[in-house]
Amino acid sequence: MDRPRRPGSDRRYPPLRFRKRKRSSSDSRNSKLNNKPGTDKWEDVCSICDDGGDFLCCEGRCLRSFHATEKHITEINQCTTLGLTEEQWKIFTQNDEKSEPLYICKNCKYNQHQCFSCGLLGSSDLSSGAEVFQCEDEKCGHFYHPKCLARLLYPDSSMQPLNFEEEVARGLKFLCPVHKCHVCKGGENKNDMENQFAVCRRCPTVYHRKCLPSDIVFEDDESNGIVQRAWDDVLRDQILIYCMKHEIDPELGTPARNHIIFPDCKNLLTRGPSKPKGQEDAPAVLDIPEEDMSPDHSSEPSQPPPQPAAETDQTDQDLSNGFNSFAPKALFPLPYPGSCGWLDD
């Protein structure tokens, strides 16, 4: 059986995506540009399957895009989607701009985000004991534990600034590792092809095109057992890669898609949802019933996924598939993806 082509590899940019947000005056002046993927801050591919298409874009801090319904599943992307119904999808795509609802993912709604290094959930509520903190780049939706960030930015602990972790927890602004090449430590230049970034979709590992390791290749080499790990023409002015830390699933053409954890909302209801900063007067967040959403991992904040029950009915078994856990049990206690100790390819 031939391995499927990488999702999105046959298109220059994803098609027009449905994104819902209250536009500022500057947005209105650039409305034509803002209607095209890649010209705004949201991701150009689905956060679940890394394919292009029609998306719901989260209006919270994570800046992620998602395929929403079963109709967005293709033979190539095999996406599990958000699991919205067609009726819910129509609410987002048919409302006029003045009354349109906002889509806020559960992570942003309940201020529970994953550390992009270790993958565990942590509180991102800056007003109440935050555990993970966001990169200061306005187009970066990645969060990190201070300890994980320190290990990423300063692998040699002797070079780490005094009290760096404590300062991050107190509000020190930082640029995360995805803004520097892992090899030469240089920045990105999208106008120079050799200095465009090759960005891993599973961990904070980034290379310039010219610095890509030889085992991250753009084509399969079946005779030598080499699997394609890099794709042009998927991300805008960047290269999509899966670095050598992540095993490629031959059926999907991507690593296993168990990398997203949504919080157990039932245990967070006492905190109440919050609106993104600057959107206090924005349209109300659409309250999608929990039972209508796709299955997601239910765990206490900042805790590893629990072991599945010994006995489950068929429904529970079905829900165990998809992206309701972050990493295979065999990988624990090592965090995944992007363990702070796995930086060298």
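First residue shown is number 1, and so on along the chain.
Cβ from N, Cα, C; glycine included.
All annotation found in TrEMBL is predicted automatically rather than curated by experts.
Taken from TrEMBL, the feature compositional bias 'Basic and acidic residues' applies to 1-13.
Residue counts for the domain 'Zinc finger PHD-type' (45-109) under DSSP, helix first, then strand, then coil, are 16 helix, 6 strand, 43 coil. What TrEMBL records for 45-109 (among others) is domain 'Zinc finger PHD-type'.
Mean pLDDT, taken over the domain 'Zinc finger PHD-type' (114-180), works out to 94 on the 0 to 100 scale. As annotated by TrEMBL, domain 'Zinc finger PHD-type' applies to 114-180 (among others).
Among the features that TrEMBL reports, domain 'Zinc finger PHD-type' is placed at 181-247 (among others).
Summarising the annotation, TrEMBL assigns region 'Disordered' to 1-36 (among others).
Per TrEMBL, region 'Disordered' is recorded for 271-345 (among others).
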Residue distribution over DSSP helix, strand and coil in the domain 'Zinc finger PHD-type' (114-180): 20 helix, 9 strand, 38 coil
